[in-house]
Amino acid sequence: MSPLDLLVVAPLVFMVLSLLAGGWQRSLLALAIATMAALSVWLMTLDPGTAHVVGGWELPLGVLLRADGLAQMLVPAVTLTAGLTGLYALHQFAPESHASNAQTAAFWPLYYLMWSAANAAFLTTDLFNLYVTLEMASIAAVAMAAMGSVRAALRYLLIALLGSIFYLLGVALILSRYGTVDVTLLAGMAEADFATALALALMTGGLLVKAALFPLHGWLPPAHAAAPAPASALLSGLVVKIGFVITVRLWFEGLAAAATPAGLHVLGGIGALAILFGSLQAIRQESLKALVAYSTVAQIGYLFLAFPLIAGAGHAWAGLSFHAVAHMIAKAAMFLAAGLMLKAAAGPRIADLAGLARAMPLTVTAFGLAAVSLMGLPPSGGFSAKFLLVDAALRQGQAIHAAVMLIGGLLAAVYLFRPLAVAFSGSETPVVPPKAPSMVAAPLALALAALLLGFAGGPLADLATGGAPATVAPEPLPALEDTVETASEDEQ
Amino acid sequence: MSLVFDLVLCLMILGTAAASLLMRSALGGIVFFIAFGNLLGIAWLSLGAVNVALAEIAIGAGVTGILLILAHARLSAMGDPVECEPTSPWMRAAVAVICGGLIVLLSVAVLSISPTDRMGAQIATLMPALGIENPVTGVLLAFRAYDTLLETFVLLGALVAVWAIAPPGGWPQRPASLAIATPVSLTVIGTFSRVLLPASLVMAAYLVWTGSDLPGGAFQGGTVLAGGILVAALGGAIALPRADDMRLRSVLVLGPAMFLGIGLGGIALGRFLSYPVGLEKALIVAIEYALALSIGATLALLVAGKPVPPAAVQEGGD
Amino acid sequence: MEALATGHLFALTGAVLVGLGLFGFITLRHALRQLLAVNVSGAGVFLMLGGLGRGAATTDPFPQALVITGIVVAVALTAFGAALILRQAEEDHAAKEDDERGGKT
């Protein structure tokens, strides 16, 4: 028995059950959360690098599943994010209204499908299996986006299909060139020839569309902003990370031989532009959910800005893994909190939020705590991630990279303080009684988790580096906990 | 087959593809797309890949073609002429240069790789252990069963996704009726369809059975079944089910659930999706029959489209 | 030798199909036709896989199986895409009728 396959299979079992369950979705969700939490704990206790082939069919024929540091961080984060988002969604897609509403009936199977797809993507090293996984995620993600806006969903689907074609094109070249699609085998075989370089470029292009890296992000803000809050949380938290993780596996492991420094710097440069562009767009938004969606465009930039820093001095790999986890949790918290705030507000605009801090203090607190992590203020997961990344950039003499990250943090403060300032203004709004305690608790718990990540910096950074590919500079980690704690004392 | 034949075939494939994209008429484009799919099927036959040829003709050309034609008809009924806004010649030229560049890059990469049967020999040595002879079925249901399992959930997920966009009042009703409105053709198709549904069931069962050793399998069989269901619906011999019909739900999840169940059963013997020695063929065939049934129902409903309010059921089908 | 030529011939045809499909995807300004264009590109990728797996006497069953998986995944997404296009057209249609009704009153 192994959690590597069960983490993918269990949500599929729940998907089947949810199609047959009718009004039993609540019990099903409780069972799913318990199962996935247990499996995630089991995953974290495995030695980094634990792997096995599905069904016992050896490579290069079979499919390899592997728990590396990145997966051991991301899969539990998915469990936390998806689980709490599910509790929130129980009220938005209440099973009691099952018979009357297509979205209520369709949400739960799609939710479990997306959960399975995210875990599958983080746990396999097989490039073709990842293609199927990407399409599982696309189906669920586009359908959830369609619950908000059919037009945005259609645009999302078409662009995602094109991205898949480019990805599959690269997979076809790799399979034909090397006779395998397994990243671990390719790591030892790949050469820097033309076909490999072209395959890497094509796959990266396709994946960047799915990860919504600027300037391929156009589909994201309308889709993420229009979707129902739990869907937005899953789309921004889980789905964009899938394209990112596959890109990492290609550039630093499978096809590292063809990954030139110039290519890494191009990705880093695009990442820097994404941070600046996404932040400036977020500042310009009038609608709260559009602001949060553009913040995702900016935060994805950090993930790619780190690429040219990975092989050098410092701990960019740990920072990168950390940032992926911290953003997943904090962004989900923020979308869920924003969903509740908009239900209570007079309209979708930021100006309509006046007085909400008084009306729904816990929810505005959740929004604020998530903002702390997204801005990279201590103590938070976002701070630990950005600290590691800026530190690596400075050690490598990449002053521009460091400057962009710091400016990005300042811009995030600008755009995230604005809705908070409005929410704290005005005092006439009466207290809004929460519809359900778990709806208030879910974003708060996620935001607190994003904050607490900052205190677990050391062990988590060790975990991330534990199964890191050989291309990542092996170096002892600094005493991150001390740094974070010192920095956190300066706050307030 | 000779190189000249292949060359002519490839030129025809490219010609029909170009026509399907460049024609002004969208319907004409779809017709050329179906021709393109069938020619591709012949290309796969020429490559000796009969399994893929069956899948391409049945699914790539057949199901996709019907989907596109039906979408076109329904769009036309709503007053959408499916015309493209014109693009400027400069833009078309620029895009043509970019796409031409991509073709050149891909061609250089393709020519740098020598075509060869890389894994056929290795697969052949493993096939006796499975007790079946069709190596493609071996890859799909054993060596890469994990891919296939996830793929069946993509198909099931797509149907749920279509349900998710049912219009207000449409949930949990039936899809818009496919039945042909003109009485004369209805009589003809009605009679025909009553015969065809059982025939397609037999044909599907045969394709799955033969798929163990000869070309065929769950996906090809399932598509034939979907075709039978759709023709029966066209002829009015059957009504498409409501989305909340539990019998329907059971049929839809039967294949994926059987696959999951047998996969999980493998854990008792060691690994997820490992088949116990001696039972490989029996379990593979069991999965395939269940899958074919689910795939047939899922594909048919995917073609029929989302549930609509009862009042729209009658008028939506033309 | 002939197997080599046949394999390359089909793989090159696939490469041209990918480019043709991309051209159609960018220049055709209707979602239904873009959906068709993506399918042409996809078929091109599949043909590349098949052509480059062509041996002296047989075609590698491994890429064959991957192509069958790919065809099924493609039809699933195409069906959902067609459903989205129709739903979008319905919404536009309803909005237009509302406008007309609003104009008369």
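Positions of Cβ are set from backbone N, Cα and C atoms, glycine also.
Noted in TrEMBL for the protein shown:
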- B:11-76: domain 'MrpA C-terminal/MbhD' (DOMAIN)
- B:189-304: domain 'Na+/H+ antiporter MnhB subunit-related protein' (DOMAIN)
- B:29-47: transmembrane segment (TRANSMEM)
- B:54-73: transmembrane segment (TRANSMEM)
- B:93-111: transmembrane segment (TRANSMEM)
- B:123-143: transmembrane segment (TRANSMEM)
- B:149-166: transmembrane segment (TRANSMEM)
- B:178-197: transmembrane segment (TRANSMEM)
- B:217-239: transmembrane segment (TRANSMEM)
- B:251-270: transmembrane segment (TRANSMEM)
- B:282-304: transmembrane segment (TRANSMEM)
For the domain 'MrpA C-terminal/MbhD' (B:11-76), residues assigned helix / strand / coil by DSSP: 60 helix, 0 strand, 6 coil
Per Cβ pairs under 8 Å, the stretch of B:54-73, B:93-111, B:282-304 packing most closely against the transmembrane segment (B:123-143): B:282-304
Stretch in B:29-47, B:54-73, B:93-111, B:217-239, B:282-304 most in contact with the transmembrane segment (B:251-270), if contact is a CB pair under 8 A: B:282-304
Cβ pairs under 8 Å between the transmembrane segment (B:217-239) and the transmembrane segment (B:29-47), at least three: no
The domain 'Na+/H+ antiporter MnhB subunit-related protein' (B:189-304) - residue tally per DSSP class, helix then strand then coil: 87 helix, 0 strand, 29 coil
